[in-house]
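Enquirer: Feature list, courtesy of Swiss-Prot:
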- ALA21, ASP22, VAL23, GLY24, GLY25, THR26: ATP binding site (BINDING)
Amino acid sequence: MSNAMAASAVPDDTAYPRLLADVGGTNVRFALETAPMQIGAVTALKVADHPSLEAAMRHYRDALSASGAKLPRHAAIGLANPVTGDHVRLTNHDWAFSIEATRQALGLQTLVAINDFTSLALGLPYLGANDLVQIRSGQAVATAPRALIGPGTGLGVSGLVPAPGGGAVALAGEGGHIELMPVTDDEWIAWRATHASLGRVSAERLLSGMGLSQIHAALSAETGTRVDVPLTPEQVTTGAFARHDPLCERTMAVFFGLLGSVAADIALVMGALGGVYLGGGILPRFVPALQASAFNARFVAKGRMRGYLDKLPVYVITASYPALPGLARALADTLSHGRPHIG
């Protein structure tokens with residue numbers, strides 16, 4: 001299985017600027033790299049406002065052209081979706097396209113497509129102290145793997161593994177779809193309701209924006225509270241942290257507890273002595289609440305492996321556009337070596 005796709009014509013140059021696009025289930029963020037890791041002209045567009053990726057890219061390129069900027073010939077896109085061939089269909093939206101056809105339609109020499117959390121993993125080395133908040137103490141081992149997990153529209157999972165001779169390889173996978181194991185009574189309520197309506201309950205079903213709505217609906221039904229229309233994720237978080245609504249607070253408690261448990265599972269699988277990084281669009285807004293929650297207790301509640309996990313530092317990524325440096329790295333590697341460093 002391929003972990004990235006690079007559609008290209010015979011390149012006649014590898015010059016800047018280069019186009020970067022981080023495509024989530026809700027938003028697509030475009031940027032222009034004008035020199036190595038010099039990234040600017042960031043624009044966020046709603047996925048739902050454009051019929052296709054090509055249309056959204058044209059919208060951004062038209063704005064560049066109108067400003068007099070030089071148009072890029074090389075591009076990299078991160079997708080909230082597995083990338084296993086030329087044809088891509090987003091998991092949490094209806095965009096579907098051919099990478100090669102999109103490259104040709106836009107007149108690009110190169111178009112690299114990778115998973116969005118793989119690009120975020122590639123970008124971890126470029127995060128500075130101001131881009132992170134440490135929520136668990138620990139001592140990171142520089143030569144060890146780093147784990148990455150993050151809830152947003154879906155649940156992204158990746159990691160960064162040091163490679164022999166220097167550098168690192170980002171892992172491409174779909175770890176957000178692993179089985180979910182509830183522990184507390186409220187978690188079981190949410191799990192049973194989700195199982196009844198959807199069948200198999202993956203981690204993403206509850207650890208995502210849609211998961212917040214699902215958890216709240218399940219707790220509401222259990223308590224006999226009438227909810228005519230399911231709350232949106234934004235309504236749940238506002239209810240918990242601005243209005244102190246009891247059901248919304250219970251929803252967030254379930255969410256943070258499950259996240260601690262799943263993050264620890266990912267760390268154990270990866271041997272993430274280099275640390276655990278929490279990304280995605282939800283957590284950066286609620287770092288104090290996450291720190292005050294059961295997350296840390298659940299992270300180490302793994303029986304005989306408690307001592308192992310207790311050594312691992314955990315960080316929340318708070319940078320505004322943390323995946324863009326990883327996309328720049330993937331594109332540079334492709335232009336220099338034919339493919340990004342992805343395993």
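Every residue gets a Cβ built from N, Cα and C, even glycine.
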Enquirer: Around the recorded ATP site, report the further residues of that chain (criterion: Cβ within 8 Å of the mean position of the Cβ atoms of ALA21, ASP22, VAL23, GLY24, GLY25, THR26; site residues excluded), sequence-ordered.
Expert: ASN27, VAL28, ARG29, VAL47, GLY78, LEU79, ALA80, ASP116
Enquirer: Just name the most isolated of the binding-site residues ALA21, ASP22, VAL23, GLY24, THR26, going by other Cβ atoms within 10 Å of its Cβ.
Expert: THR26
Enquirer: Counting every protein chain present, what is the number of Cβ atoms, excluding its own, within 10 Å of the Cβ of GLY25 (ATP binding site)?
Expert: 23
Enquirer: Three-state secondary structure of GLY25 (ATP binding site) from DSSP?
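Expert: Its secondary structure by DSSP: coil.
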